[in-house]
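Asks: So TrEMBL has the following annotated:
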DOMAIN    1-474  domain 'Amino acid permease/ SLC12A'
TRANSMEM  12-35  transmembrane segment
TRANSMEM  56-77  transmembrane segment
TRANSMEM  110-131  transmembrane segment
TRANSMEM  136-155  transmembrane segment
TRANSMEM  244-267  transmembrane segment
TRANSMEM  287-312  transmembrane segment
TRANSMEM  333-350  transmembrane segment
TRANSMEM  356-380  transmembrane segment
TRANSMEM  392-412  transmembrane segment
TRANSMEM  418-435  transmembrane segment
DOMAIN    485-573  domain 'SLC12A transporter C-terminal'
REGION    740-761  region 'Disordered'
Amino acid sequence: GFVVGHAGLYQALAMFAVAYFIIGMTVLSVCAIATNGALDAGGAYYMISRALGPEFGGSIGIMFFLANVCGSALYVLGLVEAVVDSFGIPPGQKVGTGVHVLPQSYWYELLYGTVLLALCLLVCLVGASIYAKATFLIFLIVAGVLGTILVSFFATRPLGVPIRLPHFNGSETENGSFTGFSLATLRDNLGGGYGVDYTTGQMMSFSSVFAVMFNGCTGIMAGSNMSGDLKRPSYSIPRGTISAVLFTYLVYNLLAFFMCATCNRTLLQKDYGFLRDISIFPPLVTVGIYAATLSAAMSNLIGASRILYALARDDLFGRALALAKKTSASGNPVMAVILSWLVVQLVLFSGKLNTIAGVVTTFFLLVYATVNLACLALEWASAPNFRPTFRYFTWHTCLLGIAGCCVMMFLISPVSASASLGFLLLLLLALHYLSPSSTWGYISQALIFHQVRKYLLMLDVRKDHVKFWRPQMLLMVQNPRGSARLIDFVNDLKKSGLYVLGHVELQDLDMLPSDPLQPQQDSWLSLVDKLNVKAFVSLTLAPSVRHGVRQLLFTSGLGGMRPNTLVLGFYDDAAPQDGLARHPAFTSSREEVPLGFPPLRVPAAPKQLSAREYVGIVADALKMLRNVLLARQLESLDKAWELRRAASPPPAIHVWPVNLLRPDSARYADTCSLFLLQMACVLNMARAWRRARLRLFLCVEAGAMPHAQEEKLRQLLKDLRIQAQIQLVPWDAVTRLHWQTRQGPPGGPAPGGAAEEEEEDGAVNFPANATQVSDEYVCAANKLVLEQSPAPAVRFLYLPRPPANTSLYPLYLHQLELLTRGLGPTVLVHGVSAVTSTQL
């Protein structure tokens, strides 16, 4: 009567259609989730939390708990309103007459609400079985009353109904009329005629009437809230919920039509209890109103308690809800019922039904939107285990349900909707950072997998362009205990590219009962999390380290995301240091280093890798067109100290883009030099290294027009948009040693012969590189690099290709060791692919 009196038949039917459209879409989602596996206590909370994870589940669980609590208070207040209408002393009278004996005031109505709520509490405390019997009895009563009301529309003759309304001077009387079925009455009631609600004194509108009406449709979760108490929830919830929705939709539309065709607007707007006046047996209507509102109040109270119990049992809020876990001997969550009752009692202080209707509706709509979201996420994730036996839904129905809920939320009350979303966001953030991790499975992981697979297929390596090149790193790690700072350094070098930590385990799977790498995977992933590096982990078994690295270079990555750069620690005799124990990630939080990693090798123990095999790995990577970085003494790099020290000048990055082991081929614009420049620039672009300054060293000889060379290099840097300070370094004294070595004995051929140089893919290859320079020359080159002050945070040097003659591998490695001895953190770089671009 309230709805059709203010909105008219057309708008009332539109309200029912919109409300039941939203509810229908949500019911389809509820049925789909309910038939996809076993359900436990908590209803919608259980469905959402197991689908969307603890953050969404916990926050929506609290919202749904509050919605049920407010809904219970709403129905209790509605029942109080009906009781006062029937038995209250009329306004303006001090003494009641006949059945009108109950005093009316805010405090008296609060008392009546408290008594009625206590009755609901008693039923819920006894348990779900008595509640089920009580609601079935109430269903029979309400069905009987509905039958008599429908008969009354036909059987009752036209009559006038005096309506006594409260007024600031006491009360006033208006006359409503029941006309029987009349075309004139129907015409008068077709359009809207919003007036003042006589219980609150507020002007009604479409949104405020819809908010009150929608609360009569929110019972669709009553069955799913009892999921923990049902014998076969997956069978009962779809059938019970769908039949209830269809039954109530039919009843509401029938009542709306009959009321509009038989009652004038004054009666509908000014007397919400008019059905008593037109009924063939008025007391039965009163009983029906009491039964319906009492049933709804109990349903919301027991639903709220089950949600609270499920939240407490999942430990999402820790000790805050510990009390709600306690149950009776029969398994009834009595403490959750009592706590829910206390919160409902607090809500009763709001006093009037229509005051809290908007908030309750907003909460319910938010929960329904999230149920649809959970079903949509499961459908879009395309997980093989999402196989609901209820198939009458698609992602379209889920999306329509979400859109309908969100639109109606803001139409009903923009303030309540915004506040509810803000509250939901706060709960999401709090649970994200505070709640323990769960074992329910995260739909976000399934959705991410689905999207990543789709985009990886779209990532076409044939469309790669040098403008969009980025380093994709494979860092080989023998033991993370000795490589913590190197792992951190390479993380700064990757520039949003792929980063893989590779590890080779020297074992034979044929001789083992199971894969030994699986137990290690968790330790590596925990290390990645703790060091806060954005890296993947790739472990392999192989008979030798060289074979293992080949495997990883061939197989790491996927599609267009494959490593293009191999990073190795340097091969020397330095004793490994446990940098993991000293890493800030563990020293600041006082946490132990993750278990699962063996202790470091003692200096006297034999190495897993020979010098020849190590250089062979470098040669293999270059043959596979992978760039190579060799990092020496990176564990001595204290990045935090280097980059945060207040002393001037700021820390420096020294770059030597010239092949110091082959000075007669010195070029600053070959592929390798440009790659070296690019890597130094990428490091400087990392957030932690932006204070550092690039210093580029230009080695010049006497009479070689150094200023022209400098200007040419400066123009190159300008074209590449690299900001660096160029420093000229005379190296005649160093190169003189090289030429003396090349002259050899009198009359003898120069070492290296005709096969000194050959061009491969634009990069210079020196087959006999190690024979070209003496140790004396290399030590002089090392001294030249070392003399450039102040000492930098890190140095980048040119890495020559390994010699083609494998017998020269140890000598090649020896000269690299001499070149970098005592330089501190140093990265030797060899690039095989073009990585710089001067185009837009």
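For all residues, glycine too, the Cβ spot is worked out from N, Cα and C.
From a predicted model like this one, the values you see are computed outputs, not experimental measurements.
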Asks: Please indicate, using numbers and ranges, the residues of the same chain that are 6 or more beyond the transmembrane segment (333-350) and have a C-beta under 8 Å from a C-beta there.
Replies: 41, 65-66, 68-70, 72-73, 76-77, 110, 113-114, 117, 120-121, 124-125, 301-302, 304-306, 308-309, 312, 323-327, 356
Asks: Using a threshold of three or more Cβ pairs below 8 Å, and leaving out pairs closer than 6 in sequence, do the transmembrane segment (12-35) and the transmembrane segment (110-131) count as in contact?
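Replies: No, the transmembrane segment (110-131) and the transmembrane segment (12-35) are not in contact.
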Asks: Is it true that the transmembrane segment (136-155) and the transmembrane segment (287-312) have 3 or more Cβ pairs under 8 Å, skipping pairs fewer than 6 apart in sequence?
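Replies: Contact between the transmembrane segment (287-312) and the transmembrane segment (136-155): present, because at least 3 Cβ pairs are under 8 Å.
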Asks: Quick one: average pLDDT across the domain 'SLC12A transporter C-terminal' (485-573), no decimals.
Replies: 90
